[in-house]
């Protein structure tokens, strides 16, 4: 799957992933109204609105980009109906041949991580049958529990030809509270990055490992160090745009081959029609605004090379 | 909710939580067969078996214990139907007046943590209506992202009178890889513990904070230190029994008032009928075996006082 991701990045010339993190306040009124007319102001109504909103964005951007990254929390907050919308979104994006990164940030002790890995990347046994579940191509994972919380994910990735992005240095303002603390003179995120590189050796693709890392766009100096610590790990870079990361700051996340990083934008793309810059599209054409925002983002990022 | 938990612990004299972490291999054949007869070897069939299995255990133990802790990964691995079984289990346990600790180990950047907090502890707005979702009483949370990943959970807890258990020192063998590393001479878990104590001041119950911690039974020396670092935080202690933690080792987790800790057992209770000690019950009476195992666990833990 890392090979597919790299191929698609080369083909689209777009080291870009669109974060499908829908909030009700982002969804144009015509979509919400139609969903509520059909299902009422219910969780099912909200889930239908989310799904239709996502579908519009996927339909209008899938030919430009290699991957999407649905953030499961935005669906989980609508309970079971929300997770049905997550499931539909993942499956639809895969039908459009997009690589799907499930932003689930799971992580637990061994047997429990194994269950999460099954649910998100693997197949579950029921009697004599096997079923795929959410079936993302990649999942994000939290490293706080150490190797035996990560290993079961890697095992499933090997079986299923899938991959991970492990949190190393997150994009949020307080990420330094623990991640930046010095251990034997080096910050925790570097120690985590070293482990990611080591875990990655276990499951290599052609040029890059199936085991990647998350490093926020908001910390380019740290990105520079981590790029060297994990030369074979793809870096998923959140925090561009709405969170304050700039294209200039992205250069250190890439290797000299122009590969090695994929930059996420969520709000900046899916809610583009609410920005002054794209207001001319209007809410009815929100997905066209998203398409233009993707085009502009690709150009912005390619300007650094 | 922390007050309710403490009251129930006093009333039952049982600082014990039963981990509802069902695996298909734990479920007695008569339950699986009935579920498969009705739904086939499908995800719905697996979910029905899990739900019936849980219901039997709850029905046979709810009068003895203050709380249950369903581990969501064990449900999530069956996709959406599995999460329906999780939802039913939480609601049923609450009907039986049990405190429900959702072992979800979520944690993300601010807006995303807010969505997780809504989904697990809060209410979501849909048009003019509000809905409760999974609606656990407590949730477990991962601290790797620092304060702004935790704060949105605390905000929802304040609104909803609910609580958290934040991972500090986990029970698994490799938990020390990052958690034990020394920062200015003290291990990371102590720094996290200090933050938990500080976060806890923001949301105090009568004697204890709504914001507790997870510290594994497998590290009693560290439990002793952490008890002092977080005097007002309830400690959720996994790792007793199957993972190797013993009653003797549990003493340091409690305060002198005999409170301050609640010990989890999952496999040791829900799969008791497979142990030699409880084999006489047979698989048909698996829930009676679980009841006896709870009685024995309470006696074992109370022996330390």
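Backbone N, Cα and C define each Cβ position, glycine as well.
Annotated features in TrEMBL:
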- B:105: active site, proton donor (ACT_SITE)
- B:15-281: domain 'Orotidine 5'-phosphate decarboxylase' (DOMAIN)
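A sphere of 10 angstroms centred on the C-beta of the residue listed as 'active site, proton donor' encloses 29 other C-beta atoms. In the three-state DSSP scheme, the residue listed as 'active site, proton donor' is classed as strand. For the domain 'Orotidine 5'-phosphate decarboxylase' (B:15-281), the mean pLDDT of the prediction comes to 97.
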